Amino acid sequence: MFSFGRARSQGRQNRSMSLGGLDYADPKKKNNYLGKILLTASLTALCIFMLKQSPTFNTPSVFSRHEPGVTHVLVTGGAGYIGSHAALRLLKESYRVTIVDNLSRGNLAAVRILQELFPEPGRLQFIYADLGDAKAVNKIFTENAFDAVMHFAAVAYVGESTQFPLKYYHNITSNTLVVLETMAAHGVKTLIYSSTCATYGEPDIMPITEETPQVPINPYGKAKKMAEDIILDFSKNSDMAVMILRYFNVIGSDPEGRLGEAPRPELREHGRISGACFDAARGIMPGLQIKGTDYKTADGTCVRDYIDVTDLVDAHVKALQKAKPRKVGIYNVGTGKGSSVKEFVEACKKATGVEIKIDYLPRRAGDYAEVYSDPSKIRKELNWTAKHTNLKESLETAWRWQKLHRNGYGLTTSSVSVY
């Protein structure tokens, strides 16, 4: 950068003279000044010319074009707990991955780890964006050639949804509409949608099949069902391949210890039971709160189907591989067996080796007594079966990551490439 300021030691005879509010500069100084401007302009023009001659100047990013044999997957919410594990699995399977996340719940450091694991050009890119911004989403689709979308991005806490229902309808239902409209506009033909067993509500008959009536009882489940309805209505007159995965309670982490669950501290009261157990075991919280002991179950606490995140992302990859144009697949993703909250806590005590203090509290709004899946359809049609079905072992895997990451990922935006 050129400096056009005068030195302080300059003589008075070379200074501008002011008269009547006008400056009359020394002609020699004026010529020198103009010469510098011309030199700068010439150098700039030369640089631009040379840059344009570079073979890479007009070469589009590999992410912006389709390539034979390469499947480019947009993973929304890919900086989050489940989304990052899905991105890891896709990258291991040689997919090209673009992560889009607004980082309201996700962790940039998870993206950095993925970038370090797969540094080769054209493997992974991260785009900071909010799916509620339709213009930003359209720009992303315009600049990238996606073959499929895995839509994970969503707020996902039952308790929080009862406190802030409008937030959930905006974030889940409205944002899914934006994604679907943009996919249609840009000819992206495959959607794998991350849904939830919360769309079923509290069925009278267990286990839950895909034919079980959907009667959600909280805004989270209702918002997800609305999003499903939008997708299903659109698919009736579209050649899009659609897979909807309704999964149950997610636990565990990457068996190799690269990724884990690191929710924001302010969301602890709404978080998963595994996170609450680990917080109590590490002394972050004084104990574990069990909300509700008067449900109509064997021990009075809620019964849930706990699915390991490794099995869950395996189901997503199989769904992607099996997706067919003009077809909609709807699948429950669970183990097929339920465990009570008390049983879960006992497994957590064994996994951590800590005698966790338990406080029993009244029920949490929007919860239901018993939910577990019948996974026979996904087993038959996608050849998928949960392999990590031992609660204690899944919790031990997650606990190892927690012990090594006492502050979560503990990294900032300066540590990751953001586009």
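Each residue, glycine too, has its Cβ placed from N, Cα and C.
Per Swiss-Prot, these features apply:
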- TYR220: active site, proton acceptor (ACT_SITE)
- 72-103: NAD(+) binding site (BINDING)
- 1-21: region 'Disordered' (REGION)
- 1-32: topological domain 'Cytoplasmic' (TOPO_DOM)
- 33-51: transmembrane segment (TRANSMEM)
As a whole number of Å, the Cα atom of SER84 (NAD(+) binding site) is distant from the Cα atom of TYR220 (active site, proton acceptor) by 21
Secondary structure at SER84 (NAD(+) binding site), reduced by DSSP to three states: helix
If we check Cα distances from the residue listed as 'active site, proton acceptor', which of the binding-site residues GLY80, LYS92, ARG96, VAL100 wins as closest? GLY80
Using Cβ atoms only, which residues of the same chain lie under 8 Å from LEU88 (NAD(+) binding site) while being at least 6 residues apart in sequence? LEU114, LEU117, ASP254, ARG258, LEU259, VAL313
Would you mind pulling the DSSP three-state label for LYS92 (NAD(+) binding site)? helix
The number of other Cβ atoms within 10 Å of the Cβ of LYS92 (NAD(+) binding site), counted over all protein chains shown, is 11
